[in-house]
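Student: I am attaching a structure below and will ask some questions about it afterwards.
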Amino acid sequence: MGSLFRSEEMALCQLFLESEGAYAYVSELGEFGLVQFRDSNPDVNAFQRKFVSEVRRCDEMEQKLRYLENEIKKDGIPMLDTGEKPEAPQPREMIDLEATFEQLENELREVNHNADVLKRNFLELTELKHILRKTQVFFYEQDQQTTYPTESMTRALISDDSIARQVNAGPVQLGFVAGVILRERIPAFERMLWRACRGNVFLRQAEIETPLEDPSTGEQVHKSVFIIFFQGDQLKSRVRKICEGFCVTLYPCPEAPPKRREMAMGVMTRIEDLNIVLGQTQDHRRRVLVAAAKNIKKWFIKVVKIKAIYHTLNFFNLDATQKCLIAECWVPLLDIETIQLALRRGTERSGSSVPPILNRMETFEDPPTYNRTNKFTSAFQDLVDAYGIASYREINPTPYTIISFPFLFAVMFGDLGHGCLMFLFAGFLVQREKPLAAKKIDNEVWNMFFAGRYIILLMGLFSMYTGFIYNDIFSKSLNLFGSHWHTNYNESTVMNNKDLQINPSLSSDYDQVPYPVGIDPVWQLALNKIVFLNAYKMKISIIIGVLHMLSGVILSLCNYRYFKDRLSIYCDFIPQVIFLVFLFFYMVLLMFIKWVSYGPQNEFVDSPACAPSILITFINMVLFKDSVALENCNTVYMFSGQGAVQKFLVIVALLCVPIMLLAKPIYIMRQLKEKHVQMVNNHATIGNGDGEGAGRVVQQPPPTPAGEHYENEIGELFIHQGIHTIEFVLGSVSHTASYLRLWALSLAHAQLSEVLWRMVMTNGLILNSWIGGVWLWFIFGFWAILTVGILVLMEGLSVFLHTLRLHWVEFQSKFYKGLGYAFAPFSFEVILNTTSTAVEE
């Protein structure tokens with residue numbers, strides 16, 4: 001947990017590796033994932049690096065594996081995934097892997113090519129078979145029409161002047177073409193024939209009942225058989241051109257019936273032979289794919305690891321002897337021993353006689369930020385990192401967010417029933433996390449819920465707690481400890497009157513004893529419940545908000561003390577704390593004083609109505625106005641000397657503003673001025689001094705640019721400090737008001753739950769017969785769907801976003817800069833997870 005409060009200490013190291021054993025060393029470091037390598041050759045083109053040829057070979061192997069994977073998925077063959085993560089193979093094994101992938105790819109491509117040819121032949125024979133069957137009817141009708149020509153058939157194909165010659169000379173011999181066309185193209189095809197041939201052709205078509213497989217796409221398509229009768233070579237040429245334009249497949253079709261029957265028998269025989277050959281080809285293809293599916297996951301892991309190693313080796317520099325690789329890397333100080341162990345394992349694996357050398361380097365660069373997390377804290381760390389990566393060794397908000405985030409969520413989402421639903425859902429995810437993670441579900445929404453399962457678990461648990469405090473479960477109350485209210489109302493009075501209120505000033509109705517835990521359940525029946533809860537939750541939200549902001553300012557002190565920034569402690573932290581405490585924390589104290597000093601039967605107060613308003617008191621305090629006593633009230637202030645105390649607090653708080661604005665810039669300005677004067681004096685001493693320097697002519701730098709630089713620094717410093725001061729002063733007011741969302745959303749959630757109960761659930765309780773039981777099941781189901789969909793999911797998401805804003809803006813802005821960059825170690829696990837996610841997408 002140490003690095004959870006503050007990031008790990010990092011060191012920049014120089015790593016000397018023997019060229020022959022560098023592959024094994026990097027492989028071992030990738031298994032541990034504790035070293036972030038820097039690119040030592042940023043100016044070198046990627047295609048001019050030492051190991052670019054090996055990276056290209058890995059790309060080619062990946063391409064072959066992608067082809068195999070796509071073919072396996074196309075056939076629906078399951079790929080074996082045992083979860084085993086093999087180590088990166090030796091460089092000499094790349095040749096064997098390349099040969100294996102090359103053989104599999106060539107064999108599969110050859111099988112696919114043969115299968116495509118066979119499928120095209122099978123398609124052509126199938127279409128020809130349907131043509132021979134369907135055109136038998138067309139030829140029979142054509143024979144009948146030529147033997148006994150009708151007037152409509154003759155006039156459609158020949159001219160009027162030839163009709164007489166046709167009758168005298170005998171039947172007209174018509175030419176024809178037959179083929180297959182896609183069913184959806186028939187209307188356009190028919191229109192084009194009619195327009196181009198001016199109606200001098202005769203088209204017959206019939207649908208093929210069973211769909212045919214397209215060899216190029218593998219999809220099932222619907223086609224139709226057609227035959228076109230025409231007269232003359234000119235029409236024949238036109239018809240063929242139109243068929244080519246519509247990508248129609250034409251087939252030879254004999255005119256004589258015996259020849260058609262003979263051709264049909266030959267076609268059926270060839271189709272049977274093709275079916276046998278196709279079956280054997282598919283069996284061979286499946287055997288090849290099944291064998292590849294058993295190892296393809298392991299092959300992918302091996303290739304990805306090899307490629308990652310060579311890609312990392314391209315970051316290294318070669319020494320002058322070309323026998324040693326030099327790398328620069330960031331490493332956590334606590335893991336140096338583990339890294340040394342990995343290097344020793346790399347030495348044993350490579351058989352190198354020269355051990356690697358790891359030297360720590362001095363640097364002025366900002367190291368990366370590395371916070372160790374586990375499956376519980378990683379989700380909360382992601383919430384913080386989404387705002388910005390912490391600066392190096394800056395205090396980490398995550399451990400405080402683990403508590404405050406679900407608590408503030410629960411303040412707005414306080415319902416025992418809704419929190420229980422959320423808790424049970426997250427509990428299921430936590431209990432079944434290993435099987436669910438192994439399934440690797442691709443749904444993005446599901447992955448978001450699963451990644452935040454521990455956040456949802458705590459949010460549900462805290463919501464159950466606040467719901468118990470609010471005494472609210474699905475807009476109803478729990479009567480665990482009875483009630484401290486006693487009235488003379490009977491059941492009929494309560495049921496028939498909706499305007500009953502509770503009056504705490506009547507001692508006969510109230511026991512004058514606080515309720516043991518939470519809120520008395522009788523408030524659920526009172527008309528003035530909303531007034532009571534309004535005041536209660538509004539004050540609670542302000543109290544929580546001021547304490548939350550104060551904790552953020554106090555955490556800034558931890559940063560200043562760690563970085564030994566005393567100037568910021570005196571010029572920033574102390575004035576900020578005084579400003580918050582003297583104004584807003586004082587307002588919180590007034591709330592507690594009002595609660596303690598003013599009660600329904602307090603003997604020191606004239607009337608409960610004489611309690612001063614906190615808001616009016618705070619406004620008068622800031623405006624230096626005297627409070628005015630209410631009517632029939634003798635007291636103006638809550639305690640003696642309150643007016644003088646308030647003026648003192650406001651004056652001190654206002655004096656903190658110029659301190660925050662000017663103290664730090666003025667101090668730094670004096671330091672810069674002293675350094676500037678000292679530098680000028682040193683130059684003058686060197687130019688006019690005695691001894692060795694007296695005879696030299698020293699060229700002094702021009703004073704103007706230095707003065708301009710000095711003025712620019714001072715101006716930027718004043719502007720920067722002014723922005724931060726204005727942000728804090730105005731932000732203290734706006735952020736305090738922003739915490740009122742705790743009250744508003746809590747009230748809205750409770751009222752929405754109550755409205756849903758009254759408008760839906762009560763309709764299932766109006767029938768007293770056995771039909772009411774059946775009716776209640778349907779109403780309850782509808783109410784449950786609306787509860788889960790609206791109140792738990794939609795309202796929960798809204799409250800989650802508001803809670804996130806309170807942490808990012810109101811809390812973290814007090815101490816968290818978030819200007820760092822994340823530690824990205826060379827890790828095979830991270831690379832494999834990223835690669836698998838990219839492949840799935």
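Glycine is no exception: its Cβ is also placed from the backbone N, Cα and C atoms.
TrEMBL lists 94-121 with the feature coiled coil. Marked as transmembrane segment by TrEMBL: 407-430, 451-470, 540-558, 570-593, 648-669.
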Student: I need to check the long-range neighbours of the transmembrane segment (451-470): which residues 6 or more away from its ends have a CB within less than 8 Å of a CB in the stretch?
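Tutor: Hits for the transmembrane segment (451-470): 375-376, 379-380, 382-383, 402, 405-407, 409-411, 413-427, 429-430, 433, 478, 517-519, 746, 750, 796, 800.
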Student: Residues sitting near the transmembrane segment (648-669): Cβ under 8 Å, six or more positions beyond its termini, same chain?
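Tutor: Contacts with the transmembrane segment (648-669): 567-568, 570-572, 575-576, 578-579, 582-583, 586, 621-622, 624, 714, 717-718, 721-722, 724-725, 728-729.
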Student: May I ask for the residues of the chain that lie six or more residues beyond the coiled coil (94-121) and have a Cβ under 8 Å from a Cβ within it?
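Tutor: Apart from its flanks, the coiled coil (94-121) reaches 54, 57, 60-61, 64-65, 67-68, 71, 213, 215-216, 274, 277-278, 281-282, 284-285, 288-289, 292, 299, 302-303, 306.
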Student: What mean pLDDT does the predicted model reach across the coiled coil (94-121)?
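Tutor: Averaged over the coiled coil (94-121), the predicted model reaches a pLDDT of 91.
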